[in-house]
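If you check Swiss-Prot, you get these features:
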| type | residues | note |
| --- | --- | --- |
| BINDING | Gly1094, His1095, Ser1096, Gly1097, Cys1098, Gly1099, Lys1100, Ser1101 | ATP 2 binding site |
| DOMAIN | 48-369 | domain 'ABC transmembrane type-1 1' |
| DOMAIN | 732-1020 | domain 'ABC transmembrane type-1 2' |
| DOMAIN | 1059-1298 | domain 'ABC transporter 2' |
| CARBOHYD | Asn103 | N-linked glycosylation site |
| REGION | 1-23 | region 'Disordered' |
| TOPO_DOM | 70-118 | topological domain 'Extracellular' |
| TOPO_DOM | 216-223 | topological domain 'Extracellular' |
| TOPO_DOM | 324-341 | topological domain 'Extracellular' |
| TOPO_DOM | 754-776 | topological domain 'Extracellular' |
| TOPO_DOM | 978-993 | topological domain 'Extracellular' |
| TRANSMEM | 49-69 | transmembrane segment |
| TRANSMEM | 119-147 | transmembrane segment |
| TRANSMEM | 195-215 | transmembrane segment |
| TRANSMEM | 224-242 | transmembrane segment |
| TRANSMEM | 303-323 | transmembrane segment |
| TRANSMEM | 342-362 | transmembrane segment |
| TRANSMEM | 732-753 | transmembrane segment |
| TRANSMEM | 777-798 | transmembrane segment |
| TRANSMEM | 853-873 | transmembrane segment |
| TRANSMEM | 875-894 | transmembrane segment |
| TRANSMEM | 957-977 | transmembrane segment |
| TRANSMEM | 994-1014 | transmembrane segment |
Amino acid sequence: MERDEVSTSSSEGKSQEEAPMAEGLEPTEPIAFLKLFRFSTYGEIGWLFFGFIMCCIKALTLPAVVIIYSEFTSMLVDRAMQFGTSSNVHALPLFGGGKTLTNASREENNEALYDDSISYGILLTIASVVMFISGIFSVDVFNMVALRQVTRMRIKLFSSVIRQDIGWHDLASKQNFTQSMVDDVEKIRDGISEKVGHFVYLVVGFIITVAISFSYGWKLTLAVSSYIPLVILLNYYVAKFQGKLTAREQESYAGAGNLAEEILSSIRTVVSFGGEKSEVQRYENFLVPARKASQWKGAFSGLSDAVLKSMLYLSCAGAFWYGVNLIIDDRNVENKEYTPAILMIAFFGIIVGADNIARTAPFLESFATARGCATNLFKVIDLTSKIDPLSTDGKLLNYGLRGDVEFQDVFFRYPSRPEVIVHRGLNIRIRAGQTVALVGSSGCGKSTCVQLLQRFYDPVFGSVLLDDLDIRKYNIQWLRSNIAVVGQEPVLFLGTIAQNISYGKPGATQKEIEAAATQAGAHEFITNLPESYRSMIGERGSQLSGGQKQRIAIARALIQNPKILLLDEATSALDYQSEKQVQQALDLASKGRTTIVVSHRLSAIRGADKIVFIHDGKVLEEGSHDDLMALEGAYYNMVRAGDINMPDEVEKEDSIEDTKQKSLALFEKSFETSPLNFEKGQKNSVQFEEPIIKALIKDTNAQSAEAPPEKPNFFRTFSRILQLAKQEWCYLILGTISAVAVGFLYPAFAVIFGEFYAALAEKDPEDALRRTAVLSWACLGLAFLTGLVCFLQTYLFNYAGIWLTTRMRAMTFNAMVNQEVGWFDDENNSVGALSARLSGEAVDIQGAIGYPLSGMIQALSNFISSVSVAMYYNWKLALLCLANCPIIVGSVILEAKMMSNAVVREKQVIEEACRIATESITNIRTVAGLRREADVIREYTEEIQRVEVLIRQKLRWRGVLNSTMQASAFFAYAVALCYGGVLVSEGQLPFQDIIKVSETLLYGSMMLAQSLAFTPAFSAALIAGHRLFQILDRKPKIQSPMGTIKNTLAKQLNLFEGVRYRGIQFRYPTRPDAKILNGLDLEVLKGQTVALVGHSGCGKSTCVQLLQRYYDPDEGTIHIDHDDIQHDLTLDGVRTKLGIVSQEPTLFERSIAENIAYGDNRRSVSMVEIIAAAKSANAHSFIISLPNGYDTRMGARGTQLSGGQKQRIAIARALVRNPKILLLDEATSALDLQSEQLVQQALDTACSGRTCIVIAHRLSTVQNADVICVIQNGQVVEQGNHMQLISQGGIYAKLHKTQKDH
């Protein structure tokens, strides 16, 4: 639809803050965490409370294990050294342990130690069972609620966006909602799922363990825990900084995603003007802020991790020294305040609590990220639409609508450009059943009237009346159900032809669909297609020619049988014969209903009951055609500017009515019997009826989504990823060394810890203090080394991962934009699907060399070193401790397998949801005009619910497997120390070696479990890498010739200059059963202007696309001068010779100057050249009249300009290129007659001295061509200049006569 006045966001010269911003998108502070659960039902709140209780129960096992472990190890020291019972114990006596002994013999101590071991094993087994059961619910409950939450979030966000008014969409054009629905919502899910349960478990565990430590020994606890406030503050500020960095990162990625969508949806324009390299560079520039923010996040994470772990070992050093001093001071006191048991409980309570707090850091980061992502999303969700299309409010007329329309003193300006006034007191009255044409220069406000009547916008002042009632009083759905519109640039949706027509009347029968298509002149070409009405039309109708799309759009409007028909350049893309047929159908359809016509064609407006000439936002003239011609005013001048002169002899020859009708019938028959076909093809087909169509499309998608993916070779994929990251190898090597060092450090601490128990057993206080001092210094050294290597490990792997992600995004985008155009015709490569791959899989791949790989290397190092140390001290106990490893490894492998099987299907369904979202939001005007809001919301909801099902299947065993891994470690503690106690009681093992072996191996196995938990992320990274490498490895079918291009003697002797098509046979790759060109031969000599004419869909534009090498012919050759464009010229060499102005010009979300300069991406185009090109295209005057002139932003896809203004910018863009060959594909179809004459003069001047190929239905634009070629049945059937073809009296002459009389 035409947009009549520039209405853009701020120019580049203005700051971002000055630019108008859509409501709900203003920057704001992150929301409170609990508000993330705002979409929970009462039942889900109950589940959350239950999950919280389970987390608390699970947390209680921590202090219980601390007490049990401390009591047992204290008894171990007492029994082994025959000190007697130095501590009162409370847990061990529950199952026969903890007997009090005084002056007992070694045998009695050994028997008591045996009982202690059995009691310890039973108690810890009970704790393991409790942890297992509570752990299952603490994971699954939060995952379940989070999944339901984000499903609702996605649906509510999409629904809110779809329900917003068009003015809001104009302002929000830079916001990438599709990416937000995928990435941002997924980050919210990550922040409110099982991580909440883990966080509650850690915090509650911290509180309880610290409280118990204080209750047992407040002096030691106070001394050791003095650093905990520092830990809490550090976590708080790190989370705060990372939240801000995350917001910056998301903003950058949103900009990159928006650019990617714009470029991929406009790939033909990008390719035509050689913009691939510059767009890739712009995309990379968008990624820079995100990369820098991520690097800072990595640095903060590394610093936090280093400080927390260093403080942990420092506290151990302090606890060792201070605790031993307290015990020695109390050795000779009868009522001892500190004993080994109390020391262990207080010490372990603080260590476990501090470790819990340290482990909350990544969770806090996830929560901060979730809050940041949710802030703007929730504002959009909460936003109340000013014009809500799904509102049930408003009046519905039960008695029917008459159709009286009146614009009453209307003042209007677009929300995105409030300083530009479009209407200035517009007054128009249209009686029911009248046909009224709105005319005027391009950009005067005609199409704005159409949009106001549809209530896309509301007037700033004044009112639009329908049956004497302000349209704001009517229900919007009811209002739009009585209005049908056919726009200048028709938008069709991915699906079948039948489905697209039925969108005008949901539930229409096949008979009604065919009747509407016949009335619109589309039935003939549809039935000539192999799949007829079941034929798929591609994304945005890409499988159809412009004329075919327009006829489908007209059929879609006619099937609605509206009270008011709005025709905004409805026949601009049709040839004149088709236009006559369709115009007759529209004239017939106009009977009995109010019709408003916006057109530059005299044939479309001459028969109107009233013609309204609009100038400067006001009505300048109105009346019938004859009245206005008699007035000889502005309308008269506009009509005269479009007159076409014909030779007198031809007029006489064809003056007899019968002869004219016979000629028309012959011409019509010749076109109707030709093999009308798609200009591009499709893959799938479905049945006719609407319900069956949707069911079969859904089934097809389901089969596609559920098809087993090609199994990737993980080793080869990982090798390629490492090769891709070779620039970061030095970081990876140093990071690997650091990760290995971290893995070695804990076994070293376990040995120190075991020696500390030996120090407690020293009877001489001096020896005990001396050994403790050495161990404390060793802990200090360990703290320093741990801090250093932890920082390096986290930062370096994050650094390498971020660079890999950034590089992979850029490389994938580069590979996409360099594919041949036919690749984008495949529905599997829709814009939404490709954007989802860029934003999703390129992020997933970071797991291959980022933190997951780091954790796995650390765990492997730790496990190997732990096994080595344990085997050194006691191989029997070591093997027993390793018994839980198969359980852990098996659990993780099982989980990884289940997740990897679901991840590809999940991504495919998400891509389909993204396609629906992208298609709907991008074409929101068409969605609104067709009242499809509820339909697209339902379709999107169905896909998102399928995503929920797949994720639920993926996570169904998550709680069990996670709890198995954690509980198995506790159970292993029970078995290991129980058996170790037996060995000590039998004199086979020193007691301190039990501590060394068990601590070393059990921590190693837990680390193995934690690292193997990264396996799903690592597996997902390899799957993502495999899918991205498929894109990177794909060689475009259209490439520059290989090797050196030779200048052969034959080429030197070939003196031909110009463009030559020889024996061209062609079918579109996605439509191999439909032949487009059948042996076409055509020569365009250097400097000639050659026009191609023929029926809509005959293949005229195909000739241009083959010349641009969008496709290559199946047979035959195309030459530019003496060079075969396939074998003798590079792609760039071909396209730099060409300048294109297409029927539906695509402009970018940039300034007018940047869009014009886009015509030549090989160099920096000066402002002088830009202005000169604009003047040549008759665009300079309207550009400088804008407040920001050439710096005016264009809006998404140039929506801030009228159709005529966009076309003139496109012409200027082609002229600035100074091409050798100029291609004009309906270059003036969107212009009013006056502007067309001026622009045509400019084009005539531009064509002077260069070769031009012109495609046009309006013969006024081609009558001065040197050669005119009529294409029929894929061949040139007539050619000559205008006078020659007229004198021949053939097809062209009859077509010309038709237009003259029309």
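We number each residue from 1, going along the chain as drawn.
Any Cβ shown, glycine's included, is placed from N, Cα and C.
Feature map: Swiss-Prot annotations on the structure.
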residue : record                      : Cβ within 10 Å
Asn103  : N-linked glycosylation site : 7
Gly1094 : ATP 2 binding site          : 25
His1095 : ATP 2 binding site          : 27
Ser1096 : ATP 2 binding site          : 28
Gly1097 : ATP 2 binding site          : 27
Cys1098 : ATP 2 binding site          : 28
Gly1099 : ATP 2 binding site          : 30
Lys1100 : ATP 2 binding site          : 27
Ser1101 : ATP 2 binding site          : 23
Integer Å distance between the CA atoms belonging to Asn103 (N-linked glycosylation site) and Ser1096 (ATP 2 binding site): 109
In contact by Cβ distance (the transmembrane segment (732-753), the transmembrane segment (342-362); 3 or more pairs under 8 Å): no
Spatial neighbours of the transmembrane segment (119-147) far in sequence, C-beta under 8 Å, 6+ residues away: 37, 40, 44, 47-48, 50-51, 54-55, 57-58, 60-61, 64-65, 68-69, 72, 91-98, 189, 192-198, 200-201, 948, 951-952, 955, 958-960, 962-964, 966-968, 970-971, 973-975, 977-978, 981
Spatial neighbours of Asn103 (N-linked glycosylation site) among the binding-site residues Gly1094, Cys1098, Gly1099 [C-alpha, 10 Å]: none
Helix, strand and coil residues within the topological domain 'Extracellular' (324-341) as assigned by DSSP: 8 helix, 0 strand, 10 coil
Secondary structure composition of the topological domain 'Extracellular' (70-118) [DSSP: H/G/I, E/B, coil]: 29 helix, 0 strand, 20 coil
